[in-house]
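Chemist: Would you mind keeping the following structure in view while I ask a few things?
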Ligand SMILES: O=C(CO)[C@@H](O)[C@H](O)COP(=O)(O)O
Ligand SMILES: [Fe+2]
């Protein structure tokens with residue numbers, strides 16, 4: 001059985017006060033701080049890179065869950081490691097040698113995650129799963145916050161969960177208080193959410209509801 005980990009996506013935060021936004025989320029019960037790294041090439045949007053992670057690191061002890069939506073992720077392993085990233089999650093679609101990349105991430109002292117876009121079949125991760133700390137099943141096309149959750153991706157989550165009961169399975173994109181139950185029942189335990197947390201009247205209650213829903217679904221499995 002795996003436990004719930006709730007990861008607010010700082011993409012929906014006020015970047016002008018990123019450190020305070022991170023601390024606010026941790027105080028409200030967040031487990032991870034999800035940092036969306038976009039290069040304007042792998043995805044049609046541009047956000048932040050290792051220099052921002054490096055500036056942020058002294059201001060928070062939070063777990064920096066870095067989701068790299070970039071071409072050639074190999075290029076950034078050293079920079080993210082020295083910046084203080086805790087987890088380096090790359091897209092399988094962006095690399096030619098995932099096994100070597102996972103080894104390099106681990107050798108640099110970070111946890112390794114592999115992300116799959118909605119149209120990528122989940123079996124591509126199976127050969128690597130035992131060497132991964134987390135698999136991210138995207139539930140929107142990567143690139144922007146605020147998109148609608150794609151329920152079709154849930155079959156991939158349940159297939160992955162039935163093969164790997166102890167794996168941290170992350171879902172990312174459009175998660176909210178309406179669809180969390182579907183994601184939890186499919187077997188997701190690491191929940192990324194930007195809009196639904198940051199736009200909520202009571203973000204702490206949303207975080208608590210996500211955790212309760214995931215932990216109850218896990219207990220029932
Ligand atoms: O990776 C991405 C988008 O590509 C996400 O992490 C989003 O930032 C999540 O935001 P919401 O869909 O929850 O608003
Ligand atoms: Fe993300």
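Heads up, the Cβ atoms here are built off N, Cα and C, so glycines get one too.
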Chemist: Going by the divalent metal cation site in TrEMBL, where 34, 36, 67 are listed, which of the candidates 172, 176, 215 is also part of it?
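Modeler: Candidate listed by TrEMBL for the same site: 172.
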Chemist: According to TrEMBL, 9, 67, 143, 144, 145, 146, 194, 195 bind substrate; identify which of 29, 174 is listed for that same site.
Modeler: 174
Chemist: Taking the Cβ of residue 172 (active site, proton donor) as the centre, how many other Cβ atoms fall within a 10 Å radius?
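Modeler: Result for residue 172 (active site, proton donor): 26 neighbouring Cβ atoms inside 10 Å.
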Chemist: Can you tell me the CA-to-CA distance separating residue 36 (active site, proton acceptor) and residue 145 (substrate binding site), as a whole number of Å?
Modeler: 10
Chemist: For residue 34 (divalent metal cation binding site), which of the listed binding-site residues (9, 143, 174, 195) have their CA atom within 10 A of its CA?
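Modeler: Near residue 34 (divalent metal cation binding site) by Cα: 9.
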Chemist: Based on Cβ atoms within 10 Å, give me the single least packed residue among the binding-site residues 145, 174.
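Modeler: Counting other Cβ atoms within 10 Å of each of the binding-site residues 145, 174, the minimum falls on 145.
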Chemist: Among 36, 67, 172, 174, please name the recorded positions whose Cβ is nearer than 6 Å to ligand 2.
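Modeler: If the test is a Cβ under 6 Å from any atom of ligand 2, the answer is 36, 67, 172.
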